[in-house]
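Database features, via TrEMBL:
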- 91-111: transmembrane segment (TRANSMEM)
- 131-148: transmembrane segment (TRANSMEM)
- 157-178: transmembrane segment (TRANSMEM)
- 184-205: transmembrane segment (TRANSMEM)
- 226-247: transmembrane segment (TRANSMEM)
- 304-326: transmembrane segment (TRANSMEM)
């Protein structure tokens, strides 16, 4: 009672104000770093995703602590338990490293065939990449089985399942996000900004007009905030998509890793970024002609504007459930945040929960409905190196040289 009485008046309010200031300053710093990294080029953006992925993996796997209990007391001494915990953490990070090696190795082989299969040292790793990855995983699997202890079996198998679930939800999702980046920064930039926009305006509309709870897992989320953020994000997506697609730096695939925002970038544009005239009829012709004071019979549009709105719909209606999933996760473990790596925001997982879901959708949507598959020199080189023997490769070289020489495309050989 004495402590309550002696508490300074307004201390709770001062604490909230201090928390808001810290949160705002951290947000501004993160936004500045995000824009700087985006301008630095594809390698820096990929590194950003990898760092976030590692932090999230550490936070989630840390929730599962390996303990051996029997009747409420440890079976072995503390030294043995600590040794067991160290070994389990080593295996956790080993599986993390092997999964990254496999997934990002696949990406490097797919997007940089012209480099990988043209190098004598890299070619054996590229042609045998999946076998090497599988054997590396088997080493970890054998290490896990060899270390099984009777008194730890339930916890060890629980940790094994926990780690693999985390790898699937986090590392695989991050792999899709990196693939989006390599297809063009715009496929990372726009979806990420849409999630941020929806999160901000869900808070703004919810604080201003929120009355009806949306879901029990997140009591502060309201139907009014959810609906208001949906329409706001749709408008923002149209504006951001229209603006971003004007820059080749954003829409060109990341095949040249040395390009920055200040370089002149040229590439063959995906058809979704090409403007075209959409004919319009009455009464729009009359209205727009009167407003523009000139005849207007069509309006310029680009398919990416439509795709941006589709991405916005997912970011508003489905991606927030990634956050609700994380909220349920935290309630299951009775924790407020996944960590404290970001002052005022909690852990990295608290900020990336919706982004992982958004990144997976963007990859599936792009690869299914938008990607244009071209036969490239890199893809042909991959087939030649992996499918033809040395003599067949030499024969192909001679025949191709003879063909190009006959067409006058090569000088005398």
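Cβ from N, Cα, C; glycine included.
As the structure is a computational prediction, the values presented were derived from the model and not from experiment.
Residues 38, 42, 45, 177, 221, 224-230, 232-233, 236-237, 240-241, 244-245, 249-254, 270, 308, 311-312, 315-316, 319-320, 323, 354-355, 358-359, 361-362, 366 of the same chain, all 6+ positions outside the transmembrane segment (184-205), place their C-beta atoms under 8 angstroms from a C-beta of that stretch. The stretch in 91-111, 157-178, 226-247, 304-326 that contributes the largest number of Cβ pairs under 8 Å to the transmembrane segment (131-148) is 91-111.
Counting Cβ pairs under 8 Å to the transmembrane segment (304-326), the stretch among 91-111, 157-178, 226-247 with the most such contacts is 226-247.
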